[in-house]
Every structure is written in structure tokens, then in C-alpha cells.
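Taken verbatim from Swiss-Prot:
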type: BINDING; residues: CYS18, CYS54, CYS83; note: [4Fe-4S] cluster 1 binding site
type: BINDING; residues: CYS150, CYS154, CYS157; note: [4Fe-4S] cluster 2 binding site
type: DOMAIN; residues: 9-119; note: domain 'MTTase N-terminal'
type: DOMAIN; residues: 136-373; note: domain 'Radical SAM core'
type: DOMAIN; residues: 376-443; note: domain 'TRAM'
Amino acid sequence: MIKKLPTSPKIGMVSLGCPKALVDSERILTKLRSEGYNLSSQYDEADVVLVNTCGFIDSAKEESLDAIGEAMAENGRVIVTGCLGNEANRIRERFPDILAITGAQQYEEVVSAVHDAAPIEASPYVDLVPEQGLKLTPRHYSYLKISEGCNHRCSFCIIPSLRGDLVSRRADAILREAEKLVAAGTKELLVIGQDSSAYGVDLRHQEYRWKDRMVKADLTDLARGLGELGAWVRLHYVYPYPHVDNLIPLMAEGLILPYLDIPFQHASPSVLKRMKRPANEVKILDRLTKWREIVPDIALRSSFVVGFPGETEQDFQYLLDWLDEAQLDRVGAFRFEAVEGAAANAFDGAVPEEVKNERYQRLMEKAAQISEAKLQAKIGRDIATIIDRTDGEGGASGRSYADAPEIDGEVHLRDADNLKIGDIVTVRVEDADEHDLFGVALS
């Protein structure tokens, strides 16, 4: 009589928050799959549902609690992890029947909780997992986390209390992971960390052997190594330290994309001081000018906080004037929101909500004007574009070097019947609006 093999439990996953949390989810699922667990995208088919939460601001916490509530209603067997897991009592008050709660980066605790909730009889099946691990992004791009935590103590932020101080990964381990991703079809590597430009500080910029040379735990050396793998390399969360200047020649060489995501947060010296952000806004403008002298087409993205406690109309106007000079390609903005545990909560000079909203609108209007002018200047030019979507009716959408997934603009193509997701093609730009480009593929 043939013995029937046991059926492996199925795990569902809801991943919320930033790309760094997405990488955490990928790591957890890779581990569980390697042990033989199956994965399910349906609540009613899963034996256990994992909810990886965000706990940075109140709106994100509410979104996480809503997701937990949905998982409880649709399935009932739920394990919570991620940043909101640090507030276990709050979660238990609303959902007393949660199976287990763990905090951010507590990978072993999550896996152990799954073992308790849905024991698996099979032996580990490492061959069930592709060499590059499991991914939650499309095949053609991947987030590559190079560090965890942050050494800064910005007054509006609680990341260090959620994720700890800076912990950098070994340079050789990062390059090995990136090489596997590229071999598996990744065309674009999105480098992330809480503070990517601080990479390697905790390792004292130690050198590691990578193939036939030594690679330093330093963002510039690491970026060079990544650029040699043949994929697009896009740098995110780059704090504007002086050594960031060393990345610009790599862009000029074509090793990494001419794109930097730099969270300036504000420009007014008084606001930056209260935020505990040491950047000098005048020197930053000088550096942007020098970067553009080396790489004229460099795309610069940043995010800003409006309505920070004590922000005056003069401070805000300073920011708008600074944006006129900086001419950033992509801008995101957030209305200040008190975060439990942040020092800024105790600051005087709270800005009324209606003023925050009005300033937010003015900032985004300014950013849109700048963006539209810069995109209009690209009409008639040919740009490389990576394809993200096809519509089956001859249309396609993708992104240029100046566009990160989900947060920046897109390039919309006509007559794109022969294009596939992940293709990198040359597009002639025919039109533009405030955020997107429109054109036709030449190759």
C-alpha cells in the first residue's frame, strides 16, 4: 500500500509599509518555503496568515490594524510581525485571539510561531526555493537591503527604537545576493536601507573578498561592484553626507543609474535644527550644481515634511524658494503627524491642520510645475525604459532611469505589441505632462 504523503500547511502573507519591510517579508517566506510550507494568496485556503505591519505614523498603524482585522475576519488564525508588533498590548486589546505577535526583524520568532501554529511533518525542502529566494516584487526588479537600523536621532522619527542602530551587511554577501537576483532575471536593483549612505560605518568599512578583488563595506565601492553585474542600480534613502559626491563619477561611467533619492525633509535652517537634521541647505545647492556639471541628466528625488512644529510661513516660503533653486525632478511630501515616542511631539508651535493642508497643496503645486517643465524638455529625446506593464491592446507602461517603482512617474508607450514585461527599450518621447512621459519604442 502506498503511503499518502502529508499535506504541507499553507501560509498567507499580508505585507505593509516600506520596501524594507517587503524585503523582511520575502526573507520570512523564503525560510518557510525552504522548510516545506506552501504559500497561499487566499485567506480561506491558508492555515495561518502572517501580517507584516507598519508602525511609523498613526495612519500607518490604523492601516495595519485594519489589515489584521480583515485577516482575523477572513481566516482567524493570524500571526502579527513588523514595526507595530512593538505595541503588542494595543494589538491584543483589539484582537485578543491573535496567535502570536513579534516585532520588526524578529525572523526566528516569526518562524517559531508558525511552527507552533501549523506544525510541518516534512523535512526541509531547500530545493523548493529558487536560489535567489522568494520575491514579492515583479521578476524584473528587486529591492536589495544593504543595512538595517539608523544611527540618527531625528526628532520626528522613531525608527531607531523600532529597528535599532545601524547594522550593515557584509559587502560580499550583498554582492552574492545581487548576482543571484540578476542571474534569475532581475534587470533593476533598488538599493535600500534606513540610511544607505551610512553603509559600512559600523563595520569600519572593512574589506571583503569578492571574486578576484577586495570590496570595501562602503557605499561607493559597493555601488561599483553592483554596477559591474550588468543590471540597473538605483540608490534610495541616501543621506547627503559629503562622501555621496563620490557616487557621481560612477553615474558618469554608466555603472549606476543617474538617480539619487535623498530625504532632505526641509530647507529652512531653523526647521532642520528642530528636526535634528544637520544638512546645510546652501551647501546642498552648491553640491547639486557640481553634480549636474558632471552628470547633467541626474535625476534627484526627495521628500519633505510640512507643518512641523514651529514651522512659520517664512520657513515654508524658504522651502518653496529653495525648491525653485534646487529644481528637483521628483518630490514627495508629508503633513507632519505626531508619532508616539518621537521627541517632536513635545515641541511647541503646533501647526493647525488646515495650515498643514494648505502648505502641502502649495508644495505639491510647486513640485508639479518644476516636474512638468523638466519633463517637457525631454520631448524629442530618446530614453531607455524598462517595461512594467502591457495592456494587451498595443500599449505598455514602464519607467526611465528617473523613475523608481510606485513613487515616481511612468513612461507610456503606444505601438508596443511586441514588448514584454522586463524588456529595456529605447523610447522616443513625444509628449509629457506633470508626472509622466509618452512615446513610442524604437527598439
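Including glycine, each Cβ sits where the backbone N, Cα and C put it.
Just so you know, of the binding-site residues CYS150, CYS154, the Cβ with the fewest other Cβ atoms around it within 10 Å is the one at CYS154. Excluding CYS18, CYS54, CYS83 themselves, the residues of that chain whose CB lies within 8 A of the CB mean position for the [4Fe-4S] cluster 1 site are, in sequence, LEU16, GLY17, LYS20, ALA21, THR53, GLY55, PHE56, ALA60, GLY82, LEU84, ALA104, LEU162. It is CYS83 that, of the binding-site residues CYS18, CYS54, CYS83, CYS157, has its Cβ surrounded by the most other Cβ atoms within 10 Å. Within 8 Å of the Cβ centroid of the [4Fe-4S] cluster 2 site, not counting the listed residues CYS150, CYS154, CYS157, the chain contributes HIS152, ARG153, PHE156, ILE158, ILE159, PRO160, GLN194. Taking the domain 'TRAM' (376-443) as a whole, pLDDT averages 93 in the prediction. For CYS150 ([4Fe-4S] cluster 2 binding site) paired with CYS83 ([4Fe-4S] cluster 1 binding site), the C-alpha to C-alpha distance reads 14 Å. It is 19 Å from the Cα atom of CYS54 ([4Fe-4S] cluster 1 binding site) to that of CYS154 ([4Fe-4S] cluster 2 binding site).
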